[in-house]
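Worksheet: one structure, shown below.
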Amino acid sequence: MVKLEDIDPSLLPPNLSPTELENLIAAYYYSCDYVSPTCPVTATTLGYYPNRGINIFLSIGFGVALLATLFHGVRTKTWTYSGFVAAGCALELAGYVSRIPLAANPWNKKAFETQIVAIILAPTLLCISIYLTLKHVCLSLNPGLSRVRPRLYPFIFVPLDISCLMVQAIGGALAAGGAVSNIRLVEHGNRAIIAGIVLQVVVLGGFGGVGGEFLYRVGRWVKTGEAGGEVVRLWNDGGFRRFGYAVSGAYLAILLRCIYRIAEMAGGWGNHIMQDEWSFVVLEGIMILIACLLLAFFPPGVLFPQMAARMAAGRKSEKGDVEGQTQTETSSGERRVVVDGNTAEASTGTESEKEKTVPVSSSAVKKEDSI
């Protein structure tokens, strides 16, 4: 971008304040439609001609992930989970397809704005699919070991994730609205985008903490020999573990991307980090592509059928066909939770503890398993 000190004052209207001068420069460059001596590529937000080949490669990758997600989602009927993954892949696909014409003309406003919106918002949808898995993992292993009722996880993390998306969207709208003639509005929009990404990192960190702590407790419980045979088989099942590793890998890739985004946006639009193409390609494009491919090719409907069955049971429960959970009680009064054939014992503690461990009504199952 042109620096204020590089401009000949005699070429400018007299008595301009610094803010008015910045707005004037912003308005001038917003009128640029193609690269020229007066509209150089270095004055664009990106500051470079995007690499056409890498953007075609990334577009193909996200397209493959989208098709694989739709295939497995329809085949296994994991509509909610697959829907969010597919939406995230579709947005990423739109974003990187939009970067392809930027390789010829970095001043292409429609392409630039499309890729900015799509690439910023897409990971939020991928996060929602990841948040949905924790509930089903808890219910299939031992709900009683979860610090929070498993059915509440989506109702906690999904709204928080949507809040992150909304804050970033508001920031993007402010930045776009001020791009023509109000540099301060652009800066406020940038701060809102940063706030949304920081909030997303905090939410991701909280999710990783509660999820990791639950799996740690389950691992210790299984080692004691107190877990039922079905739970042990699931815990040691190769498919279930591959699904867990895939979700964990996608989670870490998105977390790393969000941390990078904070650094990228902190210096404002057009800063030196934003104008470093290869850090963007690796820490944004490749990280999210890895997440999309892991979620697409390691689907729960294939590797974690208990999750798919519970989702189907939630839908069928409206017709009185609840298949996801049942409750049994032993002759000694000890309660057990049976989740898709996986049995976990629950202690005969206080009523609040029993309620936390064992859902007791089909209506509760219907509300909880439909997600």
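Note that Cβ sites are derived from N, Cα and C of the backbone, with glycine treated the same way.
Just so you know, TrEMBL annotations never went through curation; they're auto-generated.
Fair warning: this is a prediction, and the values are worked out from it, not measured in the lab.
Feature annotations, reproduced from TrEMBL:
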TRANSMEM  54-71  transmembrane segment
TRANSMEM  78-96  transmembrane segment
TRANSMEM  116-134  transmembrane segment
TRANSMEM  155-180  transmembrane segment
TRANSMEM  192-216  transmembrane segment
TRANSMEM  243-263  transmembrane segment
TRANSMEM  278-298  transmembrane segment
REGION    315-371  region 'Disordered'
Below 8 angstroms Cβ to Cβ, which residues of this chain, lying six or more residues outside the transmembrane segment (155-180), approach it?
26-27, 30, 113, 116-117, 120-121, 124, 127-128, 131-132, 134, 148, 186, 188-197, 199-200, 203, 206-207, 269
Leading stretch by Cβ pairs under 8 Å, where the reference is the transmembrane segment (116-134) and the options are 54-71, 78-96, 192-216, 278-298
78-96
Chain residues outside the transmembrane segment (54-71) and at least six past its termini with a C-beta under 8 angstroms from it:
82, 85-86, 89-90, 92-93, 96-97, 99-100, 103, 281, 285-286, 289, 292-293, 295-297, 299
Looking only at residues six or more beyond either end of the transmembrane segment (78-96), which have a C-beta under 8 A from one in the stretch?
55, 58-59, 62-63, 65-66, 69-70, 72, 114-119, 121-126, 128-129, 132-133, 285, 288-289, 292, 295-296, 299-301, 307-308, 311, 371
